[in-house]
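Peer 1: Take a look at this one; I'll ask things after.
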């Protein structure tokens with residue numbers, strides 16, 4: 001939770017000008033410099049599921065296709081939706097659940113570049129493994145053989161927030177004063 005992360009950072013990094021902590025699906029990042037619209041790919045945190053895929057080549061091909069599709073969708077999102085989650089299945093290895101996310105202040109190109117770089121690290125950290133989570137300040141990816149996300153809500157990028165309800169109108173009263181001469 002956010003309060004625990006703040007306390008953790010205060011305790012672990014009392015004199016630092018910049019720090020990042022990842023917890024669950026959240027990222028807490030603070031800095032004394034502007035980080036808005038900046039792609040940061042370091043530091044990186046790897047979390048790896050130790051279970052091996054039975055057919056690593058086929059698994060990695062399906063995973064690559066899934067991550068490519070997720071990246072395209074996330075990068076094309078607006079500031080309300082720079083993420084995507086989905087799954088693919090195959091009889092040989094079951095289902096792969098995948099998730100990608102960019103910080104919402106990144107441009108489409110920045111989001112795409114961050115995710116492509118992060119996905120390119122899968123063979124380095126997670127070669128042949130059935131699950132992994134790669135966390136960077138500006139983006140993150142995750143894939144696992146089990147469902148770890150709720151169904152995503154598809155937002156219409158052209159949708160506008162609803163208008164606030166109008167206030168009830170009260171009958172108008174007129175006060176008039178006349179003066180005689």
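All positions are counted from 1 along the displayed chain.
Glycine is no exception: its Cβ is also placed from the backbone N, Cα and C atoms.
Note that TrEMBL annotation is computational and uncurated.
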Peer 1: For the region 'Disordered' entry in TrEMBL, name the matching range from 132-156, 157-181.
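Peer 2: Of the candidate stretches, TrEMBL labels 157-181 as region 'Disordered'.
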Peer 1: Please work out the helix, strand and coil residue numbers for the domain 'Gnk2-homologous' (41-148) from the DSSP assignment.
Peer 2: 38 helix, 38 strand, 32 coil
